[in-house]
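**Student:** Sharing a structure here in structure tokens format.
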Amino acid sequence: MARDPRFDILFTPLKLGSKTIRNRFYQVPHCNGAGTNSPGMNMAHRGIKAEGGWGAVNTEQCSIHPECDDTLRITARIWDQGDMRNLRAMVDHVHSHGSLAGCELFYGGPHAPAIESRTISRGPSQYNSEFATVPGCPGFTYNHEADIDELERLQQQYVDAALRARDTGFDLVNVYGAHAYGPMQWLNPYYNRRTDKYGGSFDNRARFWIETLEKIRRAVNDDVALVTRCATDTLYGTKGVELTEDGLRFIELASPYLDLWDVNIGDIAEWGEDAGPSRFYPIAHENDWIRHIKQATNKPVVGVGRYYDPEKMLQVIKAGIIDIIGAARPSIADPWLPRKIDEGRVDDIRTCIGCNVCISRWEMGGVPFICTQNATAGEEYRRGWHPEKFEPKKSDHDVLIVGAGPAGSECARVLMERGYTVHLVDTREKTGGYVNDVATLPGLGEWSFHRDYRQTQLEKLLKKNPECQIALKQKPMTADDILQYGASRVVIATGAKWSTTGVNHRTHEPIPGADASLPHVLTPEQVYEGKKAVGKRVMIINYDAYYTAPSLAEKFARAGHDVTVATVCGLGAYMEYTLEGANMQRLIHELGIKVLGETGCSRVEQGRVELFNIWGEGYKRSYKGAGQLPRNENTSHEWHECDTVILVTSRRSEDTLYRELKARKGEWEANGITNVFVIGDAESPRIIADATFDGHRLAREIEDADPQHQKPYKREQRAWGTAYNPDENPDLVWRV
């Protein structure tokens, strides 16, 4: 299909100093868990975006020196020749598809804890990092106040890193000053308390950054386009950088040294104000700030705001708010987003849902990222998975999939892409499984994009292969139904449900009196069904670390109920990693929801629950003989009155159908069945991203020797003395 001519402006080349970006799509720097020690992963993941039409593709934050070692988080480095060699794999792959490659020069100050290098960073003043106190970080980290000699040494570290980036082949060198990193700590009065010529007035606080840009420009000349990433407002009011004060003044002051501005808002402790989750922030949520940048510079501007909608992209470019569409998460969800716009396939875009699960993996530290929408993200190199290309089927075995949730619908989509005849059966009115329920919770409406993408693709694939079928609103299938169905391969994707009796991870037993068959006790599924009345006083018993309990609390508080949450773990603790945590806590406070932390439930009765502090038995331990606990009896139990109890304790796989079929394996051959598989939550409850991955994986590997269990993937391993597998080809090999 041809591109809609309305979008032509998005494909207009633009000069960036000595370089030219071929269109207006710019993958801003973002972490992916590869660093420089997994060059294959980095090369393949970034390269697929260049293939997909992103005109410029950047590294993640790239440490310039051991002083800014960001371990425990995995990030790139450009310290030496070895790093250059590993990064060159990405550069060459990006260039092979006609895109520019960019390197973001990172110096974190105390925000980079240097756990591996054990060095101390330098900064304008001494301060301890507010970022280092978030979950997953190692307590407080401090820097050293730089004297003039150390300041100049730091500037030279930037220059040396810029030269290494140029010699690696990068087209763009980006001095990272957003998210309270590097030069922003000198500009920002929140950090800079100096009284010499590098502190105090605006001109003095801007001096370090300006001098650094001058020195880099002299060193690299016009060999690269020079970029700086800048937070134009740190959202701290007069205590930080404000847009209409230091923000625009700095844009004007630094513009002569730059070829491109990469702008955003916020700091690092709450960088979800920039990488805004869809729960709180819509597309283009930074525009109230970014729309003013062009008045202070004549240089091109790239801005972000989770741009996933081509119409919104067109709007902001035509309005002159920004010149280039910057994106991280939308480029992860769909590496081919620009190409699909170019080819007139807008409805094929795999839209970012804004859940920030990708970010959560980096926030946890040490793990490669994942994507809820795109199961191939991070798997391109090690598994050879291309997001848009698939191996043709290797047999004529048709497949019956029972359950059209995240795992089942993704498995069906990929199998149909490969040419298999698939029958997808579900009891619900729509595909998507429990995503349909989750998307009804406050702020989570855009999570329905996960369902919508798969539904659209399945409908298209049905037209290509009329023998395929999607059967919705069906009665639950039995083992007899499946044995008689006639499919060669059977995939059970029946999902999971919340425990109806309060079984939880601390006791692995039901909570006495907790019984969701009673009118005053509900599971989340029963809340979604809406068949049970909910009383004025709602008590949520929470043993889960993610979104369900806080979302239900918000739902009922907004509806006028008095809500209390008794929670064993931090309420929505995992949401700290998805950058939803701070605003969720503000919202909980604003709505008057009462949170009882470190609190378990020992009994449920009509009209009340018995709660206890989980540490109430005291710390002293002694051996008291068989049948006796080593600590004192917990005496902190108290009764709390309520009208309705909601159990958010644990999820249990709905695997009865799978186990019945396995028990009747002797009947498979006579009924033409060769394999029965179980995937997604039906195998083990997990987040949507991992359930989707599991369905995708089975569809890719269904002809392998043991498809139920994933095949080994290619590891990027440093082995002592020799390669881990000397016969293994290190090149990227697509399974297409």
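Heads up, the Cβ atoms here are built off N, Cα and C, so glycines get one too.
What Swiss-Prot shows for this protein is this:
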MOD_RES   C31  S-6-FMN cysteine
BINDING   Y176, G177, A178, H179  substrate binding site
ACT_SITE  Y181  active site, proton donor
BINDING   R229, R329  FMN binding site
BINDING   C352, C355, C358, C371  [4Fe-4S] cluster binding site
BINDING   398-427  ADP binding site
**Student:** I'd like the number of other C-beta atoms within 10 A of the C-beta of C352 ([4Fe-4S] cluster binding site), please.
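**Tutor:** Excluding its own Cβ, the number within 10 Å is 28.
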**Student:** Among the binding-site residues A178, C355, V414, V422, whose Cβ has the fewest other Cβ atoms within 10 Å?
**Tutor:** V414
**Student:** Count, for each of the binding-site residues H179, R329, R418, the other C-beta atoms lying within 10 angstroms of its own C-beta, and report the residue with the smallest count.
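**Tutor:** Among the binding-site residues H179, R329, R418, the sparsest Cβ neighbourhood within 10 Å belongs to R418.
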**Student:** In terms of DSSP three-state secondary structure, what is the assignment for V402 (ADP binding site)?
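**Tutor:** Once the DSSP labels are grouped into three classes, V402 (ADP binding site) ends up as strand.
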**Student:** If you count, for each of the binding-site residues P406, E410, the other Cβ atoms lying within 10 Å of its Cβ, which residue has the minimum?
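**Tutor:** Output over binding-site residues P406, E410: least Cβ neighbours within 10 Å is E410.
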**Student:** Want to know which binding-site residues, from R329, V402, D426, are within 10 Å of C371 ([4Fe-4S] cluster binding site) at Cα; which are they?
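**Tutor:** R329, listed in sequence order.
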**Student:** Among the binding-site residues D398, D426, point out the residue whose Cβ has the most other Cβ atoms within 10 Å, with all shown protein chains included in the count.
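**Tutor:** The residue with the most neighbouring Cβ atoms within 10 Å is D426.
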**Student:** For the residue listed as 'S-6-FMN cysteine', what is the tally of other C-beta atoms lying within 10 angstroms of its C-beta?
**Tutor:** 22
**Student:** Quick one: give me the count of other CB atoms within 10 A of the CB of Y176 (substrate binding site).
**Tutor:** 24
**Student:** Taking DSSP three-state, what's R329 (FMN binding site) in: helix, strand or coil?
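**Tutor:** For R329 (FMN binding site) - judged by DSSP and reduced to three states - the answer is helix.
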**Student:** For E410 (ADP binding site), name the DSSP secondary structure in the helix/strand/coil scheme.
**Tutor:** helix
**Student:** Does DSSP give C371 ([4Fe-4S] cluster binding site) helix, strand or coil?
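**Tutor:** Where C371 ([4Fe-4S] cluster binding site) sits, the three-state DSSP reduction gives coil.
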**Student:** Just give me the nearest neighbour of C358 ([4Fe-4S] cluster binding site) among the binding-site residues A178, D398, P406, V414, Cα to Cα.
**Tutor:** P406
**Student:** Given R418 (ADP binding site) and C352 ([4Fe-4S] cluster binding site), what distance in Å do their CA atoms have, once rounded to a whole number?
**Tutor:** 24
